[in-house]
Amino acid sequence: MIEAIGNQYVVARPVYSTKAFGEEFKKTYGHHKTFLDHLKGCCSCSSQKAKKIALSLFPIASWLPAYKIKEWLLSDIVSGISTGLVAVLQGLAFALLVNIPPAYGLYAAFFPVITYFFLGTSRHISVGPFPVLSMMVGVVVTRVASGSDTSPALSSSSAENDSMIEEKVMVAASVTVLSGIIQLLLGVLQIGFVVIYLSESLISGFTTAAAIHVLVSQLKFMLQLTVPAHSDPFSIFKVLESVFSQIQKTNIADLVTSVIILVVVFVVKEINQRYRSKLPVPIPIELIMTVIATGISYGCNFEQRFGVAVVGNMSLGFQPPITPSVEVFQDTIGDCFGIAIVGFAVAFSVASVYSLKYDYPIDGNQELIALGVSNIFTGAFKGFAGSTALSRSGVQESTGGKTQVAGLLSAVIVLIVIVAIGFLLQPLQKSVLAALALGNLKGMLMQFAEIGRLWKKDKYDCLIWIMTFIFAIVLGLGLGLAASVAFQLLTIVFRTQFPKCSTLANVGRSNIYKNKKNYADVYEPEGVKIFRCPSPIYFANIGFFKQKLIDAVGFNPLRILRKRNKALKKIRKLQKQGLIQVTPKGFICTSDGFKDSDEELDNNQIEELDQPINTTDLPFEIDWNADLPLNITIPKISLHSLILDFSAVSFLDISSMRGLRTILQEFIRIKVDVYIVGTDDDFIDKLARCEFFDDEVTDSIFFLTIHDAILHIWMKKDYSTSKFNSSQEKERKFDFTINTNGGLRNRECQVPVETKF
C-alpha cells in the first residue's frame with residue numbers, strides 16, 4: 001500500500017527477499033524464439049513486408065509523393081543553387097588534399113549527390129567531398145602511388161607526366177570503391193552500430209587533428225613549394241621541416257593572394273555566423289572571391305608574370321568509368337575501413353542533428369547503404385571518397401532547403417560546370433583553392449575549446465580528446481584512428497577495472513542509502529556493512545572488488561577463518577592433553593603453563609584451515625569475540641551482516657562468479673550473513689545456470705532493496721535475542737516504524753509489516 005501525505009509518502013508492504021517476491025508474484029514468460037523462428041521470419045514474405053522493404057531501401061518513395069511543391073520548391077531551388085556553387089569550389093579545393101588534379105573534385109561533388117537523392121534518409125545533409133576524408137584518401141595515395149612527389153603544379157600541364165596522374169587517380173578511385181563496399185556490407189548486415197565505438201570526444205579530437213593535417217598540407221600550395229610527400233608516422237613534422245627548409249623560395253604572389261583570400265573568407269564567415277538571423281541567405285564569399293581571383297589572375301596574366309600555379313586544363317565532360325585495382329584493395333583495406341567508418345560517423349552525426357531539429361526519422365543502416373553506393377558509384381567515375389561537409393550542409397539548410405531536391409539541384413550546378421563552363425576556372429590560382437579549403441576549417445579548429453569544457457564535465461572524455469588528437473597528429477590519420485579507438489576502449493576497461501566502490505549508510509532516517517563519506521548526518525546500523533559496486537564484475541576487476549570489500553569491512557575474512565580453525569585445532573589439542581575441559585557452560589582451564597605458538601603450516605594444513613568451522617563435537621557454540629583460554633588469541637570482529645548493493649552490476653562472467661562465490665563463502669564461514677540486493681531476475685537466473693549456488697551460498701541471500709535486507713537483519717536478530725508469544729512465532733508478524741529522532745527502528749508498533757524470508 002502506498003499512501004501520499006503532503007510531499008511525503010508512506011509505504012506499507014512486506015519485507016521481500018527475491019525468492020519470496022517471486023513466490024507471491026508469478027512471472028509471465030513470453031515465447032522464446034529459436035534460431036529457426038528468426039530464420040522463418042526473415043525468409044517469409046508478404047505484400048506488406050515487401051512494401052516495407054522497398055520503402056526502406058528507397059526512402060525517396062515515401063517522401064517524394066508527399067512533396068509540397070508550392071511550399072517547398074522555391075526554397076529548394078534557392079538552396080540548391082547556393083549549395084551547388086559551394087560544392088564546385090569545395091570539390092576543386094579538396095582535390096588538392098587527395099593529390100590529384102582539381103577537376104576530379106567535380107566528379108566527387110556530383111555523383112554521390114545523385115545516388116543519395118534516391119537512397120538517403122536525411123533531407124538536409126549535402127553529400128560530397130569532406131576535408132578529413134580527402135586528407136585520409138590523400139595519405140593513401142601518397143603511400144601507394146609509386147614515385148609520389150607532391151608538387152604545387154599538380155595538373156596535366158605540370159612537369160609530372162600523365163601516367164603518374166593516372167596512377168594517383170586509380171589509387172584514389174580504388175580506395176573510394178573499397179570504402180563504399182565496406183559501408184554497403186555493414187549496412188546490408190545491419191551492423192551500423194559499429195559507429196558507437198567512435199564517441200563524440202574521439203570524433204572531435206580526430207577531426208581537429210585532421211584539420212591540422214589539412215592546414216599543413218596546404219602550405220605547399222599557398223607558398224608554391226616543392227614538398228616531398230610523406231605518409232608514415234611523424235609525417236606532419238617532416239612536411240613542416242621541408243616547408244621551412246625552403247621557405248626562402250616562397251612565391252610572394254601566391255602567398256599574398258592566399259593570405260588576402262583567407263582573411264576575407266574568415267571575416268565574412270564570422271559575419272554570416274553572427275548575423276545569420278538577419279541575413280536572408282549567407283553571403284557566398286567563396287564564390288565571390290573565386291570570381292574575383294579568377295578574373296584578376298586572367299586579366300593580369302599571373303601565371304606568366306609571377307609564375308603562380310593555376311588549375312590549368314579543365315577537360316569538359318565526363319571520363320569513362322574504370323575498373324578498380326585489386327592490388328590497391330589488398331594494400332589499403334585497413335585504411336579503407338577507417339575511411340568508411342569516419343565517413344559514416346560524420347555523416348550520421350550531422351544527419352542526426354537535423355533529424356532532431358526537424359523531427360523526422362533517419363535509419364543508420366540505410367545511411368550506410370546510401371553512402372556505400374555513393375562511394376562505389378563515385379569511385380567508378382574517378383572521384384574520391386565523400387561524406388558530408390558541415391559547412392556545405394549548413395548552407396543547404398540555412399538557405400531554406402527542405403528536402404534532397406535541393407541536393408539534386410546542387411548536382412545540376414556541378415554538372416553545368418563539368419560539361420560547359422569548367423574552362424573558365426583554368427586561370428584560378430591553386431593558392432586560392434588552398435585558402436578556400438582552410439577557410440572551411442574554422443569550425444573544426446574551434447573545437448580546441450572542447451578541452452576546457454570536457455575537463456569540467458568528464459576528465460576521461462577530455463583525456464580521450466587529447467590522446468586522439470596526439471595520436472592522429474603523430475601517427476597519422478590511419479594509425480591515429482586505430483590507436484584512438486583502442487585507447488578509448490582502454491578507458492572503458494580502466495573505469496570498470498577500478499570502479500569507485502563505496503560504503504553506504506542511511507540518510508534522513510528513511511529508506512534512502514548513500515555514500516556515507518558524502519553526508520554528515522548518516523546512520524550506519526551497528527554490525528551491518530553496506531557495500532556498493534558501481535560497475536560490472538568480471539575477470540579483470542574481481543581482485544580489485546575483493547580488496548575494496550576487505551578495506552570496507554576492515555578485515556580479511558579468509559585470515560579470520562584460518563585463525564579460528566587454527567584456534568579450534570589448538571583447543572582440541574589442549575583438550576586431549578588435559579590442559580582444558582570443555583563443558584556446556586564453556587572452557588575450564590586445568591593449567592596455565594601453556595604458551596601459544598604460531599608455527600608454520602604446510603599447504604595441506606592451510607587447505608584444512610580454509611574449510612568451514614566444525615564445532616559439532618563441542619557441547620556449545622564458541623563465542624569468537626570472547627576471550628579464549630590459555631592466551632589463544634584471534635582477531636575479534638563486530639560485523640554480523642554484509643549487504644552487497646549490486647544494483648549497478650550489469651553482468652558477471654564465469655571467472656568473477658568463482659571469485660564472488662569464494663568471497664561469499666569466506667564471510668559465511670565466519671558467521672557473517674551476506675545479502676545481495678538490487679539485482680534483476682536475469683542476473684539470478686544466470687547464476688543458477690552456472691551452478692553458482694551450493695549448500696553455503698543459496699538463493700535466499702537475494703533481496704529486492706537495501707531496506708528490505710536491513711529490516712530482515714533486524715527481525716532476524718530479534719528472533720534470536722527476544723522471546724515472543726506463540727501466535728507471533730507462528731505467524732511471524734512484527735511491527736516496525738521509522739523514528740526520525742532516534743534511528744530507523746522503534747519498538748513501538750505503528751506500521752504493520754509482514755516479514756518474509
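Using N, Cα and C of the backbone, Cβ positions are placed for all residues, glycine too.
Counting residues 6+ beyond its ends, the transmembrane segment (72-92) has Cβ neighbours under 8 Å at 102-103, 105-109, 113, 126, 128-129, 281-282, 284, 286-287, 290, 311, 389, 391-392, 395-397, 399-403, 405-414, 417, 425, 428, 433, 436-437, 440 in the same chain. Annotated transmembrane segment per Swiss-Prot: 72-92 (among others), in sequence order.
Taken from Swiss-Prot, the feature transmembrane segment applies to 94-114 (among others).
Outside the transmembrane segment (125-145), and at least 6 residues removed from its termini, the chain residues within Cβ reach (under 8 Å) are 83, 87, 90-91, 94-95, 97-100, 105, 108-109, 112-113, 116, 164, 167-168, 171-172, 175-176, 206-207, 210-211, 213-214, 217, 229-232, 235, 328, 331-332, 335, 338-339, 342-343, 346-347, 350-351, 354, 371, 374, 384-389, 392-393, 395-396, 407, 410, 437, 440-441, 444, 476-478. Residues or ranges marked as transmembrane segment in Swiss-Prot (evidence: sequence analysis): 125-145 (among others).
Summarising the annotation, Swiss-Prot assigns N-linked glycosylation site to Asn161 and lists sequence analysis as the type of evidence.
The transmembrane segment annotation in Swiss-Prot covers 177-197 (among others).
Swiss-Prot lists 202-222 (among others) with the feature transmembrane segment, giving sequence analysis as the kind of evidence. For the transmembrane segment (202-222), the residues of the chain that approach it from at least six positions outside its boundaries are 96-97, 131-132, 135-136, 138, 150-152, 236, 239-240, 243, 254-255, 258-259, 309, 342, 345-346, 349, 430-431, 433-435, 437-438, 441, 444-445, 447-448, 450, 464-473, 477, 480-481, 484-485, 488, judged by C-beta separation under 8 angstroms.
According to Swiss-Prot, the feature transmembrane segment maps to 251-271 (among others), an assignment based on sequence analysis.
Annotated transmembrane segment per Swiss-Prot: 279-299 (among others), in sequence order, evidence recorded as sequence analysis.
Taken from Swiss-Prot, the feature transmembrane segment applies to 336-356 (among others). Same-chain residues lying 6 or more positions outside the transmembrane segment (336-356) and placing a CB less than 8 Å from one of its CB atoms are 121-125, 127, 130, 132-133, 136-137, 175, 178-180, 182-183, 186, 192, 194-195, 198, 200, 203, 206-207, 329, 362, 364, 367-368, 371-372, 375, 385-388, 390, 393, 397, 477-478, 481-482.
Swiss-Prot lists 368-388 (among others) with the feature transmembrane segment, giving sequence analysis as the kind of evidence.
Swiss-Prot lists 405-425 (among others) with the feature transmembrane segment.
Annotation comment: Swiss-Prot describes 463-483 (among others) as transmembrane segment.
Here Swiss-Prot flags 518-713 as domain 'STAS', drawing on sequence analysis. Per-residue pLDDT, averaged over the domain 'STAS' (518-713), rounds to 86.
Marked as motif 'PDZ-binding' by Swiss-Prot on the basis of similarity to another entry: 754-757.
If you count C-beta pairs under 8 angstroms between the transmembrane segment (368-388) and each of 94-114, 177-197, 405-425, 463-483, the highest count goes to 177-197. Listed as Cβ neighbours of the transmembrane segment (463-483) (distance under 8 Å, sequence separation of 6 or more from its ends, same chain) are residues 132, 135-136, 139-140, 199, 201-202, 204-206, 208-210, 212-213, 231-236, 334-335, 338, 341-342, 450-451, 454, 491.
Across 177-197, 251-271, 279-299, 405-425, the stretch most heavily in contact with the transmembrane segment (94-114), judged by Cβ pairs under 8 Å, is 405-425.
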